[in-house]
């Protein structure tokens, strides 16, 4: 297992616009959805296909299709929903889990307030989404919870990651692949990724 940085030019271009402090809430939200489409392509690159019989205008054939119902997108609330929307546009048959966590600004530790997931997650691929992998505490807590429910096939998708968060996360869950658009320099004293883009949830919902 490892860490994949999605360096596609479109991803990097859109990420740069999102980083700019003058980017509006509406533009930030739109760009996050657009990037999620591109990141989803990468994280689902090796999904298994099955075949189904169809008829084209010319003849019958057995055609490849994705078994979308075997896929779960797990959003770490609230910012994860910004990535979730675009991914569901691509895979509308996927199931959805919501994991409510917020970071205590004094201890930087995650506090859980909500968890809802499909009951039959044991045999499904679960892609956990959260724009930021900063300290890593929230991502670790979310995946701890999913594993408690029996999940064994999990991937983590984020927009930005800090080296400290990646180290902590991969030590806690070495079996979970990480996909990100950028690994930034470091965390500051408040646990924010720098240079980063600020608080993704606040910028997405205009609550900063």
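Here the Cβ of each residue, glycine as well, is placed from N, Cα and C on the backbone.
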Starting from the 5-phospho-alpha-D-ribose 1-diphosphate binding annotation in Swiss-Prot that includes 78, 130, 131, 132, 133, 134, 135, 136, 137, 138, 199, which of 95, 103, 155, 186 is the extra site residue?
103
Enumerate the residues of the same chain, 193, 198, 199, 200 excluded, that satisfy the criterion Cβ within 8 A of the mean position of the Cβ atoms of the recorded uracil site; list them in sequence order.
131, 132, 160, 192, 196, 197, 201, 202, 203
Restricting the comparison to the binding-site residues 193, 199, 200, which residue's C-alpha is spatially nearest the C-alpha of residue 134 (5-phospho-alpha-D-ribose 1-diphosphate binding site)?
193
Densest Cβ neighbourhood among 130, 199 (binding-site residues), 10 Å radius:
130
Hey, of 78, 130, 132, which of those binding-site residues are within 10 Å of residue 199 (uracil binding site), Cα to Cα?
132
Report the nearest neighbour of residue 136 (5-phospho-alpha-D-ribose 1-diphosphate binding site) in space among the binding-site residues 193, 198, 200, comparing Cα positions.
193
